[in-house]
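**Student:** Marked as domain 'Major facilitator superfamily (MFS) profile' by TrEMBL: 56-479. According to TrEMBL, the feature region 'Disordered' maps to 1-25. Taken from TrEMBL, the feature transmembrane segment applies to 93-114, 121-140, 146-169, 181-201, 213-233, 267-288, 316-337, 349-371, 377-404, 416-435, 455-473, 485-506.
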Amino acid sequence: MELNGSVEAPKENPAPRRSLSSSPGLQYGALVNSVTSLTTPESQNPPISNRQAYVTMAVLCYINLLNYMERYTIAGVLLNIQTFFKIRDSTAALLQTVFICSFLLLAPLFGYLGDRYNRKFIMIGGLCVWLLTAAASSFVTESYFWLLALLRGLVGIGEASYSTIAPTIIGDLFTGGKRSIMICIFYIFIPVGSGLGYIAGAGSAYLTGDWHWALRITPIMGVIGLILMIFLCPNPARGAAETNGEGVVAKSSYLEDIKYLLKNKSYVWSSLGVTALAFLTGALAFWVPTFLSRARVTQELHQPCTDEPCDSTDSYIFGAVTVATGILGGAVGTTLSRTFRDKVPYADPLICGVGMLGSVPCIFIIIFVAASSIPATYVFIFCGELLLSLNWAVMADILLYVVVPTRRATAEALQISFAHLLGDAGSPYLIGVISDAVRSSKPDDLNWSFHSLKVSLLVCPFIGILGGAFFLFTTKYITEDSKAVLLVLPCLQPKITTSISIIIIAV
């Protein structure tokens with residue numbers, strides 16, 4: 001039976017919480033409408049007060065800032081660490097690889113827990129592990145590089161709990177255009193935190209004369225974040241923003257969740273795009289400051305570093321550029337998304353694809369111009385990072401509106417695991433291995449150390465092309481998949497009339 005007309009929600013009693021378990025009578029994709037037409041009006045009876053939602057948002061952004069500061073502090077003092085431990089490029093890259101590997105291995109577990117148990121408690125536990133292990137890593141001595149690598153791995157366990165769950169809480173606090181803005185703000189702190197990590201790490205090493213202090217800044221600041229989370233952050237019901245606080249109840253196994261996600265083509269293709277982006281940004285973020293430092297030696301602008309502290313000029317500049325492009329790129333990406341999404345349903349993956357593909361020429365120029373002009377190189381670093389930063393908030397918003405609320409934490413976890421496994425878990429190490437292999441033919445030639453890293457970085461532009469293609473494939477499916485989610489997001493608020501066309505499949 002087919003019914004066309006106006007559907008009015010009950011006026012007396014609110015509808016009960018609904019289950020998102022599979023139903024033989026309703027199939028995904030049966031309802032055709034826009035994403036925003038069935039979302040709860042932000043002005044009507046929010047499940048959590050606006051003030052509390054904004055306070056929670058501020059706390060989550062602060063911790064996300066520290067998360068990425070801590071992650072890239074190592075890159076800001078990499079020359080000091082290599083000098084201190086007397087290690088090669090590939091060995092130094094293990095610090096990032098071990099961290100990301102532990103991060104990706106635990107992310108699915110936290111995704112499973114985050115869809116079923118109290119998310120606030122899970123994040124608090126993860127933050128405690130992160131703070132303790134990050135602080136402990138700052139006391140490692142010269143003979144125990146293996147211990148530093150081990151502790152970096154444990155830091156990844158703590159950060160996995162937060163990165164997996166925090167975006168889903170934001171998704172349950174806000175809806176529609178406001179949620180897009182909040183997700184943009186949250187993800188802007190990825191490049192901002194990364195850039196500040198370079199600056200804080202290099203600055204601490206310079207002021208104290210000891211790179212170990214670079215690893216103590218974020219744990220100290222993290223204690224404040226932990227206290228704020230304990231006392232100020234709620235644990236909203238899953239799907240609360242879409243259902244006026246009622247929430248939705250899932251009755252599905254973890255295997256059913258995975259099957260659902262694998263059948264979601266927008267999720268799969270966009271996750272492949274995220275993986276390429278992770279590979280690209282992970283490699284560039286870890287190696288570009290060192291690459292530019294070696295370029296200065298090649299141009300005879302600086303002497304090679306043999307004793308601590310090493311010159312940190314490029315860590316400061318690269319960090320500042322990363323902060324600026326992160327803020328600007330995130331704002332531009334979200335603005336483009338909000339402007340064109342209603343007119344072009346596949347605008348979001350299109351923005352991501354154009355950003356990835358547009359960065360490719362910039363990366364090629366960075367690699368080949370560094371040997372002759374550092375200022376010109378920074379111009380193209382700015383352009384390339386700006387284009388890549390268009391993606392951060394937009395790709396996160398894609399996941400939130402193509403995946404049902406009770407499976408978002410699992411979706412975040414699997415995307416994080418896959419992106420890190422094939423992305424930035426191996427890209428810094430792969431670049432280091434290629435660099436060492438090329439350098440082995442002339443190990444004592446300082447100019448050759450720059451050339452070897454230059455050759456290894458040529459992998460990055462090709463991955464950028466691949467990532468752009470993945471996002472363009474996503475444009476083919478995103479309209480259908482976003483409509484499918486609407487079928488299981490009930491419009492529960494009273495006195496709301498929405499003119500829609502629905503198909504009721506009777507069993």
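Backbone N, Cα and C define each Cβ position, glycine as well.
Describe the structural surroundings of these features, if you would.
**Tutor:** Listed by sequence, the residues of this chain that lie at least six past the ends of the transmembrane segment (93-114) yet keep a Cβ under 8 A from its Cβ atoms are 71, 74-75, 81, 122, 126, 148-150, 152-157, 159-161, 163-165, 168, 254, 282, 286, 409-414, 416-421, 424-426, 428-429, 431-433.
Taking Cβ pairs closer than 8 Å, the transmembrane segment (121-140) reaches residues 63, 70, 110, 113-114, 147-148, 151-152, 154-155, 157-162, 165-166, 212-216, 218-219, 222-223, 225-226, 229-230, 235 in its own chain, all 6 or more past its ends.
Residues 57, 60-61, 64-77, 166-167, 170-171, 173-174, 211, 214-215, 217-218, 285, 289, 315-316, 318-327, 329-331, 333-334, 338, 385, 389, 392-393, 396-397, 400 of the same chain lie 6 or more positions beyond the ends of the transmembrane segment (181-201) yet place their CB under 8 Å from a CB of it.
When Cβ-Cβ distances below 8 Å are used as the criterion, the transmembrane segment (213-233) is approached by residues 52, 55-56, 59-60, 62-63, 66, 69-70, 73-74, 76-77, 120, 123-124, 127-128, 130-131, 134-135, 137-138, 169, 197, 200-202, 204-205, 207 of the same chain, each at least six residues removed from its ends.
If you look at the transmembrane segment (316-337), the same-chain residues 6 or more away from its ends with a CB under 8 A from one of its CBs are 76, 180-181, 183-185, 187-188, 190-192, 194-199, 202-203, 285, 288-289, 292, 347-348, 351, 355, 378, 381-382, 385-394, 397.
Sequence-distant contacts of the transmembrane segment (349-371) (same chain, at least 6 residues past either end, Cβ-Cβ under 8 Å): 266, 269-270, 273, 276-277, 280, 284, 288, 291-292, 295, 298-299, 329, 333, 336-337, 340, 377, 380-381, 383-385, 387-391, 394-395, 398, 450, 454, 457-458, 460-461, 464-465, 467-472, 474-475, 478.
A Cβ distance under 8 Å defines the sequence-distant neighbours of the transmembrane segment (416-435), meaning residues of its chain 6+ beyond its ends; these are 88-94, 96-97, 100-101, 103-105, 107-108, 111, 160, 163-164, 271, 274-283, 286-287, 449, 452-453, 455-457, 459, 463.
Same-chain neighbours of the transmembrane segment (455-473): 269-270, 272-273, 275-277, 279-280, 283-284, 287, 291, 349-350, 352-357, 359-360, 363-364, 367, 395, 427, 430-435, 438, counting only residues six or more beyond its ends whose CB sits under 8 Å from a CB of the stretch.
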